[in-house]
Amino acid sequence: MDGGLNEQGQRKTYKGYDQRSTINYGSEKIEYDSSSQISGRSHHHDMKVEPGSLESGDASSSNVDMQDGTQRGLKTRHIQMIALGGCIGLFLNMGMNIATAGPAGALIAYIVIGFMVYCIMTALGEMASLIPVTGSFNHYASRFVDKSLGFSLGWNYWFYSVTIATELSAAATIIDWWGPILPDAAWSAIFMVIIIAVNLLSVKLYGELEYYISMIKILIVLVFIIIAILVSTGAVGGQGPIGFRYWIAPGAFANGGVGTVSVLLSAGFSYQGTEVVGITAGEARNPIKAIPRAISNTFWRILFFYVFTIFLIGMCMPYDNEQLANGDGSPNTSAFTLIFELAGIKAGAHVINAIVLTAVLSAANAAVYTTARTLLGLAQDGNAPAFLLKTNRFGAPWIAVLVSSICGFAACFVSIYSASVGFVWFLSITTVAGFISWWGISFVHLRFRRAYVKQGRDLKELPYLSPWYPFSDLFPCILCILIILGQGYNAFTPQFDIRIFMQNYCGLIPAPILYVGHKLYMKSKVVPLDEADFETGRVSVYDIQQANAGERKLTWWRRALYFIL
């Protein structure tokens, strides 16, 4: 029997979700019953969308609004680059990680975390490509698990607004490296105004900006990889062939297993931000193809940049190098800068400083985007005030943007004037919040897949299928818990330190409090598997067929272009 029908053959209704949705075609709004999407063509296809219009990476559906005013203006290339926007640790943290764990230990840590991230992203891709909504995994938690879990995960993820302060403060510090020009607070204010302006305009502008900023970072990494290979082979630098010399002496591992575990945590923090792909689903032009492609390509790019880069750094420099081991996060001690200097490029520090400046501003921009869309999704689910639903003529949720920006900017002043007191605690909340969100994605997908099969639905009808289920969900769930619990191990050695303990674990407090508080107040119940809503806002079988037909029409060189861009 059709999973959308009850035993009497009647269409099921799902508690808590409106089966009627609104689509905008230009200035015209059309309401339709989303339950019609269970098979064949949905009503809106019969009205306005011409068959064959949903081509790979782009679609006429860019004007379709499924999210109460937002616009589908993000192309596949935008989404892929947005996911790469937060890779700041690539430029500053790798040297310290090698000094902590050794070249082999750091390499193992990045491979393990990279695989975990891949599993998480495939789970998110399966859900987001079928039901492309702004709320992403927070919305899916309310649908397929429990409204209290959706409430908790949503507000937990919104705490990322505090990272806006991290990036703005870092940007001011980076500029100070060239010399004091303006007070740090002034630089932070200037950057905040620019970022708010970008996020109040069309999402297409945001996507284009992130695309080109991320492209700059990719190019500098490619240049670095070429230079590192030349240094390792002895072609430049005057040291002769290095090969695996430093893996033998001083060795491949440093500080034993503890060092590798430490870098495991650090690598996890470096990968955080890739889940933003799911949040962009609600504004993707063609989520049926854009989301799976973005997840697949983004993973391989990140894995290539992180794993191959840290491998080359470990080849070119010993882990006991004083500059590497005593890195203070400045451009002078970045592993990128040190290897540029080995190759005789003295201006390497200036190049890295400029690149890191663009990276932190890109990350701040992404933080405003993701937290604003998270607020919008919470409001759509009734978990935040309704006034946050308002959008401007560009399709931007302007109130949500301003609320997230103001909170992040307020935390910025805490970081400037009271860094040793308040901001460290905010930062701890956001870093742990990232792992809680990753755990939530995998856990929700377990329920999503079980409910989908329980209702007798065909897995072949999914636009994208996560491989290795259920291992690809269980592995991240377990590893995220171990990382969350183990990230504060230094509070227990050599003796217990209550300050370090609270600093490392205070980020665990908000999520369970939010969950329990919402549970007690709203008395929500776990959604039964056979009542999970797979109809509201989903793509239809017709959409999937048209997207696949468009994919088959592409020539080989256009397929290659889509993969690269």
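Yeah, the Cβs are placed from backbone N, Cα and C, and that goes for glycine too.
Listed in TrEMBL for this protein:
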type: REGION; residues: 1-20; note: region 'Disordered'
type: REGION; residues: 30-70; note: region 'Disordered'
type: COMPBIAS; residues: 58-70; note: compositional bias 'Polar residues'
type: DOMAIN; residues: 78-525; note: domain 'Amino acid permease/ SLC12A'
type: TRANSMEM; residues: 81-101; note: transmembrane segment
type: TRANSMEM; residues: 107-137; note: transmembrane segment
type: TRANSMEM; residues: 157-179; note: transmembrane segment
type: TRANSMEM; residues: 185-206; note: transmembrane segment
type: TRANSMEM; residues: 218-238; note: transmembrane segment
type: TRANSMEM; residues: 244-265; note: transmembrane segment
type: TRANSMEM; residues: 299-320; note: transmembrane segment
type: TRANSMEM; residues: 351-376; note: transmembrane segment
type: TRANSMEM; residues: 396-417; note: transmembrane segment
type: TRANSMEM; residues: 423-446; note: transmembrane segment
type: TRANSMEM; residues: 467-486; note: transmembrane segment
type: TRANSMEM; residues: 498-516; note: transmembrane segment
Is the transmembrane segment (185-206) in contact with the transmembrane segment (244-265), using at least 3 Cβ pairs under 8 Å (sequence separation of 6 or more) as the test?
no
Paired segments the transmembrane segment (157-179) and the transmembrane segment (351-376) in contact, 3+ CB pairs under 8 A
yes
Intrachain neighbours beyond the transmembrane segment (467-486), with Cβ under 8 angstroms and 6 or more residues off its ends:
112, 116, 119-120, 122-123, 261, 264-265, 268, 432, 435-436, 438-439, 441-443, 445-446, 449, 508
So what's the mean pLDDT when you look at the domain 'Amino acid permease/ SLC12A' (78-525)?
85
Which residues, given as numbers and ranges, are at least 6 beyond the ends of the transmembrane segment (351-376) yet have a Cβ under 8 Å from it?
67-68, 70, 82, 85-88, 91-92, 134-136, 138, 154, 157-158, 160-161, 163-164, 167-168, 170-171, 174-175, 177-178, 191, 195-196, 198-199, 206, 209-210, 213-214, 216-217, 220, 273, 276, 279, 282-283, 331, 334, 336-337, 340, 384, 388-389, 396-397, 400-401, 403-405, 408
